[in-house]
Amino acid sequence: MPYRIEPLFDTKNPAFVTLDFAAAQDQNDPLKHLRDEFVIPTKADLKSERYGPATAHPTDGDSSKSLETCVYMCGNSLGLQPRRTSEYVKKYLDTWASKGVYGHFKELKEGLPPWLHIDDAIKEQTAKMVGALPGEVVVMETLTANLHLLMASFYKPTKDRYKIIIEGKAFPSDHYAALSQLAHHNIDPSALIQISPTCSDTPYLSTEHILSVISQHGASTALLLLPGIQFYSGQFFDIALITRHAQSLGITVGWDLAHAVGNVPLHLHDWNADFAAWCNYKYMNGGPGVIGGLFVHERNGRVDKVSLPNGNSAAEDPTQSEDQLAFRPRLSGWWGSDKSARFRMDNKFVPIPGASGFQLSNPSALDMTAVTASLDVFAMTDMEALREKSIKLTAYLEARLLKYPDGTPPYRIITPSQAGERGAQLSVLLEPGMLDQIMEILEEEGAVVDERRPDVIRVAPAPLYNSFVDVHRFVIIFQDACRKVVASRASKKTPDTESGTAEVENGVS
Ligand SMILES: Cc1ncc(COP(=O)(O)O)c(C=O)c1O
């Protein structure tokens, strides 16, 4: 992958671990203004029993004020709210209140697009996020539902080719989806092939290993479904190479981009993925459970007119000639059918060419509005600029975590150390038994990360709104928590338990 990996910081410089150093990095950050586009909860907000902001949100230009905000490093799970989301949602509510059903059709001054066209309006921006042609993407449904819809169309098992390859630590929803697709086709669950790490003490899957498992099952596999970025380890897979290899063996290739979209630049069209799906609530900041998105490569979304026996092509108006159209079969609904014919109610399904032809229902305008707000923030920059900042920010977090002031740290990073093999997330494996106490202290101190039991915390500095000062603050809080937990465990040691504890501690090197 085309990223420089040489050290980005002089970590031997004693100033490297200071607040001033972090603040200076923020000063030089060309994207620093984007932080102001987000509502960053304060520490008081997080602790309050009230649902709304407990205090006025400080803007973060002033570092004394920034200490009041929480340290939010959880964009891999749920992105923060763009400030404009409430403005756009208010417009949506006002449109509904003042126009009723006319909101579907009416172009309004300074309003959002009419709801009837709201799915078209966000195609261009979505396409940019994943490196696709506008016709190759659509915002619809939710991630797992979309994976099923896509598999219904793309997983076509035959007697000889019927296996689905996923990874051993696939997100449970992907695992269930693939397994239930097999069951749906009456295929034995042993046809689910799982790529697992070759070494038990790391979740790392080398590209070589992935390719070799694909080759091993090449002749009998119908579908490969992998994540662009692995949710647990944060590993960023080589999508282009893996896609090419699997397709050369006749395998259809789909990607779950939940942790990749809005996190790393993607080039789905050029990488020739058959299909992909993602959610819009992690790095995309669309809001919890908001509508998702999917990609269908141009060559798979074609709707062709078929020549009639007399040599004529189908009638000029394709909506009148369902039988003479050739397209990939899919589970269909009215919203995937040609717009001009949608309200004819004549039961002739004429798919919209491209990804839009996979839609089922009219999309939630409320969800679309929230995603539009999110995309408008991304439109203030581009994924290449974000990636540049992200590589630096994540490298800074890594370098700071590796500099543990008290000797050997009671944790290790299990995310790949190469910038090209990860996005904005570092997964930190703690010594066994530390997780609960560490999470408790982090919560108390206003540092928000998420946990993957039994021993991992995931820390995600999102380049749109996280700063170097955030990373500095997080590392201070986290390392302090580690020291406290290690000390409390040591003080609880009795001669009887000492050897047991030593064994546990050796478990993490
Ligand atoms: C990798 C991955 N796949 C699938 C899902 C399920 O997403 P949804 O609940 O939107 O279907 C998630 C949710 O976090 C995920 O991280």
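Glycine is no exception: its Cβ is also placed from the backbone N, Cα and C atoms.
Fair warning: this is a prediction, and the values are worked out from it, not measured in the lab.
TrEMBL lists LEU143, THR144, PHE171, PRO172, SER173, ASP174, ASP256, HIS259, TYR281, TRP334, ASN362 with the feature pyridoxal 5'-phosphate binding site. All protein chains considered, the CB of LEU143 (pyridoxal 5'-phosphate binding site) has 24 other CB atoms within 10 Å.
As annotated by TrEMBL, domain 'Aminotransferase class V' applies to 120-298.
Here LYS282 (N6-(pyridoxal phosphate)lysine) comes close to GLY75, ASN76, SER77, LEU78, GLY79, ALA258, HIS259, VAL261, GLY262, ASN263: these same-chain residues lie at least six apart in sequence, with C-beta atoms under 8 angstroms from its C-beta. Annotation source TrEMBL lists N6-(pyridoxal phosphate)lysine at LYS282.
Residues annotated as region 'Disordered' in TrEMBL: 489-509.
The secondary structure of SER173 (pyridoxal 5'-phosphate binding site), as reduced to three states from DSSP, is helical. Over all protein chains present, the Cβ of ASP256 (pyridoxal 5'-phosphate binding site) has 27 other Cβ atoms lying within 10 Å.
Scoring each of the binding-site residues (PHE171, TYR281) by how many neighbouring Cβ atoms lie within 10 Å, the top position goes to TYR281. Closeness to ligand 1 is met by PHE171, these being the recorded positions among PHE171, TYR281, LYS282, ASN362 whose Cβ falls under 6 Å from the molecule.
For ASN362 (pyridoxal 5'-phosphate binding site), applying a Cβ distance below 8 Å and a minimum sequence separation of six or more within one chain yields TRP115, TRP335.
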